[in-house]
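Student: From TrEMBL, for reference:
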- 63-188: domain 'VOC' (DOMAIN)
- Glu117, His135, Glu184: Zn(2+) binding site (BINDING)
- Glu184: active site, proton donor/acceptor (ACT_SITE)
- 194-325: domain 'VOC' (DOMAIN)
Amino acid sequence: MMAPSLHLRRKDFLLNHHLLLVLTIYVLLCCERAIGSRHPRLLAPAEAPSDEILEWPTKDNRRFLRAVYRVGDLDRTIEFYTEGFGMKLLRKEDFPEKKYSNAFLGFGQEETTFVVELIYNYGVDKYDIGTGFGHLGISTTDVYKMVENVRAQGGIITREPGPAEGGATAIVAFVNEPNGYEFELLQRQPTPQPLSQVMLRVGDLDRSINFYEKALGMKLLLKFDRPELNYTIGMVGYGDDLYETTVLELIYTYGVTRYTKGNAYEQVVISTDDVYKSALVVNLVSQELGGKITRRAGPNISPRINTKITSFLDPDGWKIVLVDNKDFLKELED
């Protein structure tokens with residue numbers, strides 16, 4: 001039989017333990033409410049994903065801003081792009097303290113059109129493009145003329161102009177610029193986005209399409225299978241007309257699930273009205289389909305303003321950066 005004093009001590013212990021537990025829970029709830037009222041985004045990851053959050057990408061104001069990649073000779077590349085492709089040099093900057101320079105080129109202004117950002121790192125004259133990056137696409141009203149301009153600038157013509165494969169009537173050509181990047185030239189009517197494609201190879205096309213639809217709010221604009229050539233292609237982007245917008249051309253080669261990334265191609269940059277909400281959606285979708293956040297949403301310390309950004313990898317490891325729309329326009333004003 002338990003001694004009375006021992007029995008009372010045990011009851012006191014259990015009572016005190018229960019009171020301590022209740023007090024702890026109360027304090028935590030109070031802290032949670034206090035933090036959440038000031039920083040509601042801090043609580044978002046713990047909340048169950050709502051339909052409203054997952055619908056955000058399709059309601060957001062988004063477009064492709066630029067493709068970013070490294071080159072070994074910036075001035076030579078600028079000359080080739082302006083004389084061979086007919087692009088315009090939009091801006092050029094040098095950052096000696098960080099030992100790199102960059103240049104932005106395109107067929108229209110950065111405020112409205114997709115452009116390329118070329119990065120030159122001091123002393124590095126060659127990069128590995130890898131096997132995963134495919135090509136960039138340019139839409140032009142005269143492929144034959146552009147090919148001759150490219151040839152005159154010393155570019156390599158890997159496919160002379162002619163009808164596309166599979167009996168299509170569209171005229172296409174493939175060329176290599178001085179750094180080894182391949183460009184597909186497509187003959188089309190005038191378009192608001194002449195820099196029209198970024199082609200990337202993926203290991204699971206359906207998964208990739210699903211990711212870009214759910215995480216980034218893109219639309220599947222075209223999908224076709226070429227079993228005689230052992231590949232399937234899906235084109236995703238913003239807008240409804242394949243010929244009026246820039247697209248990601250995702251290609252799956254039968255039986256190939258992995259590719260090398262190299263160190264030449266860097267990323268695609270996309271605009272958003274809310275990097276925080278966008279990052280939350282990407283994180284949720286990544287848990288289902290793969291991919292991961294590589295930079296949490298927040299201000300990026302830049303030479304001019306603290307542009308809000310977030311970055312992540314898709315299921316195949318391709319990097320995407322989301323940039324705040326207002327901050328992006330402020331950068332162009334400075």
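Glycine is treated like the rest: Cβ placed from N, Cα and C.
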Student: Which residues does His135 (Zn(2+) binding site) neighbour through Cβ under 8 Å, counting only same-chain ones at least six apart?
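Tutor: Correct list: Phe174, Tyr181, Glu182, Phe183, Glu184, Gln197, Met199.
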Student: State the mean pLDDT for the domain 'VOC' (63-188).
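Tutor: 97, rounded to a whole number.
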Student: Report, as a single number, how many Cβ atoms besides its own are within 10 Å of the Cβ of Glu184 (Zn(2+) binding site).
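Tutor: Around the Cβ of Glu184 (Zn(2+) binding site), 22 other Cβ atoms lie within 10 Å.
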Student: According to DSSP, which kind of secondary structure is Glu184 (Zn(2+) binding site) found in, if we only use helix, strand and coil?
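Tutor: Note: Glu184 (Zn(2+) binding site) is in a strand by DSSP.
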Student: What does DSSP give as the helix, strand and coil breakdown of the domain 'VOC' (194-325)?
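Tutor: Its residues fall into 31 helix, 61 strand, 40 coil.
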Student: Around the C-beta of Glu117 (Zn(2+) binding site), how many further C-beta atoms are within 10 angstroms, looking at every protein chain?
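Tutor: Glu117 (Zn(2+) binding site): 21 neighbouring Cβ atoms within 10 Å.
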